[in-house]
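Read the structure below first, then the notes.
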Amino acid sequence: MTTGFLQKIFGSRNQRLVKQYQKTVATINALETQIEKLTDDQLRGKTDEFRQRVAAGESLDKLLPEAFAVCREASRRVLKMRHFDVQMIGGMVLHYGKIAEMRTGEGKTLVATLPVYLNALAGRGVHVVTVNDYLAQRDAEWMARLYNFLGLSVGINLSGMEHDQKQQAYAADITYGTNNEFGFDYLRDNMVYETDARVQRALNFAVVDEVDSILIDEARTPLIISGQAEDHTELYVRMNALPPLLERQIGEEKADGTGVEKPGDYTLDEKARQVFLTESGHEKAERLLAEWGLIGEGESLYAPQNITLMHHVYAALRAHTLFHKDQHYVVQNGEVVIVDEFTGRLMAGRRWSDGLHQAVEAKEHVKIQSENQTLASITFQNYFRMYAKLAGMTGTADTEAYEFNEIYGLETVVIPTNRPPKRIDKQDQIYKTAKERYDAVIRDIRDCYERGQPVLVGTTSIENSELLSHLLKQAGLPHEVLNAKQHEREAAIVAEAGRPKRITIATNMAGRGTDIVLGGNAEKQAAFIEADDAIPADEKARRIQKLHDEWETLHEEVKAAGGLHIIGTERHESRRIDNQLRGRAGRQGDPGSSRFYLSLDDPLLRIFAGDRVRSIMDRLKMPEGEAIEAGIVTRSIESAQRKVEARNFDIRKQLLEYDDVSNDQRKVIYQQRNELLEAHDITETITAMRHGVITEVVRQFVPEGSIEEQWDVPELEEALRNDWQLDLAIQEMVNESSSITAEEILDAVMTAADEQYEAKVAMVGRESFSAFERSVMLQTVDRLWREHLAALDHLRQGIHLRGYAQKNPKQEYKREAFELFAAMLDAIKQEVTRIVMNVQIQSPEQLEEAAEQIEERGGHLENVEYQHADYADAGAPVANVTAAAAATATADMVGSAMTHSGPGGEMPKVGRNDPCPCGSGKKYKQCHGKLS
């Protein structure tokens, strides 16, 4: 109450910011008359002047009014578009590293030119991030005319581009590209073996278009670069037979034993998108798997030797119970293609992680692709937080303002519209059944069609859009369907969607990137005519002129009919997606209307509010076909949406807390990697590693400060000879001197190791040997980092179980992840030292060959894939999300690069599960077996 009172007096934070920016707009407007008088060359010359002032130490903030005025004037001359005052405010919001919420049709693409121009003057690069290649290319080509006029270079970063093209794109003052491509380039840059192979510069300033889609909807979906791991195709096929034999349990068992309506083998939690085997389900699964010969008779699924089977059991269960064809995925050309739940687009090339995709392939009886091993991964949350300054724009951010601020430190500012909005948002209508709801939708569409009003119908899945299309065909109403299956015709359909009597069905319109103009988008239609080579030039000109002549009449006709009418056939679990659909109507002060039609069968209502609303309808004895249209019901639906949003925020925040652990480790590894790449000579590093490793080896057998009776000299001699190529007569030294100490033995071994090293360097030359060392170091770091990522994935899978032992899973994860990381760093030192000390070379050519073989065998896994795998879709518990099905890599690092002199250099023949002969206490396959 006090807050409301104070807001009335002082205005909200948003109003105060807008008022503050309006003062700067007045300063910019005052400069307009003198800027207008400049010639084109003088206007272009302003860029050089600004650059010199920035180089001399003037801040971009101080330069803002002049730079914005110059950019506005250049836009007026080149693009024939002058920025409105509210667009100048939007530009300031972006420059100051905030999120600008601007209604659809308010010209976000033009707004971005202001901060992009200003920040590009510093010469450190500006990235403009869009959701797909089409928008990146469209916006870059459109705005390049303006930037080039002002003397700035523009690059486009698209998937599939050549390495040289990417380097040029990033070297430009301004680079347009997709969030995926920027993220993958960052990961690839940290996998290269030469500094000039990198493409990105330091991450300076990014303007993210559709920021809510990228930083929130896709925040749970990490970018993953992976290579193929062990093949389990047969197992997925066998496991696919299991779910149909299991029955779902209805109801959850309570403490008193009640609550189960129908006993079964598994429970389904649709809200959390998880599936769990019941006790009887475990027994049944174990019995069936034993019959099929997959586990021993009477064995438990939780036995150590069967633990990987559990992964396959749950993957198959999730595939059958939580993921449905034409809703979560489609089958196209013999492949399972994911459908993006937020935009309805097909995500070709993207695969679910943790074996789920293979389980769905088995379910649909298509070819099962191999599981993958993670080579590198990062979430968008952690990637975009690395930019020195980050800003974003969208039509709907205010509902997620808290999350933007909490996770990214980004404030959301709602920008006033240039003209007052005229869209009428009608109350939701709720029906008892889906049939009644669709009948009402068809009636509304028919009414609009007869009055000449264009309609956009939003659905939440491809399945629903095709059902509605079928009903419209039965009703004899002509229409267009815009969903992931119609991707190619998308732009053409949207261009026509504002014409009179036009009916367009669309799966979520989020991120479509094209405005629906009342009367049709004449510019878009003209562009299609221009692009058609089959039409003669004079015919093109005639058709385009006719288009423009007709447009004014059609525009007024549609306005008179009420503008674009939006029909939502279901509420999305996010209010923001609903608002995006509504936002397609009423652009730039045009008339428009919207209404949502719901039924009690809708997932959101069924899970969160169905019983309450159904009891109201029953009490009111509502006849069939009658709808509830009441504010209280709409508010209860919005309350349910808020609950889902809060839960999703908690999931994203928790995921971030887990990912921050690997992110901190990633930063350390990538920093070390970059230092390695840039160093010409790493002798000091190699020497420090060698001294550390040799000290550890000697201390195992001759402890520090110990007496002779505690020493195991024969074992030390053998270890040095077999593992480190050091043939030393330490026993003789001990026998000859009665006063020899542990320190003197260590010094003697260290001196021998240093001499051996210097002899190799002298044989081939310092420069050649340094290059070899760097190659070995990079390959070892990369391979062990990959294995570490796999270990972290496995750790995260089971960490939630620590809660049962009254331990905090997050704290346990941090502690164990740190221990794994420390062990990995030790392993890097051990392996690099072992390879460098064991390599036998007589000439620089041999050394070069050894380095090449190490690089070929360790560095480039075959069939590398780029995934945007979805954690949440895999239905894993929050603390149990994994980056990818991660099998341990077994790249043979040394192999043919190592030749041993004499029989003493060979490793003893031992079984993979036997204790390692080095005395570490580990199994051979986990220790020296990795190298043999």
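Yeah, the Cβs are placed from backbone N, Cα and C, and that goes for glycine too.
Not measured: the values here are computed from a predicted model.
When Swiss-Prot records Gly105, Glu106, Gly107, Lys108, Thr109, Asp515 as binding ATP, the matching candidate from Gln87, Gln525 it lists for that site is Gln87. All protein chains considered, the CB of Lys108 (ATP binding site) has 24 other CB atoms within 10 Å. Listed binding-site residues: Glu106, Asp515; maximum Cβ neighbour count within 10 Å falls on Glu106.
The record assigns Gln87, Gly105, Glu106, Gly107, Lys108, Thr109, Asp515 to the ATP site; their largest pairwise CA distance measures 17 Å. Taking each Cβ in turn and tallying the other Cβ atoms within 10 Å, the top scorer among the binding-site residues Gln87, Thr109 is Gln87. Here the Cβ of Gly107 (ATP binding site) has 18 other Cβ atoms within 10 Å, regardless of which shown protein chain they belong to.
Highlighted in sequence order, Met102, Thr104, Leu110, Val111 have their Cβ within 8 Å of the centre of the Cβ atoms of Gln87, Gly105, Glu106, Gly107, Lys108, Thr109, Asp515, the residues recorded for ATP, and are not part of that set.
Residue environment of Gly105 (ATP binding site) contains 21 other Cβ atoms, counted within 10 Å of its Cβ in all protein chains.
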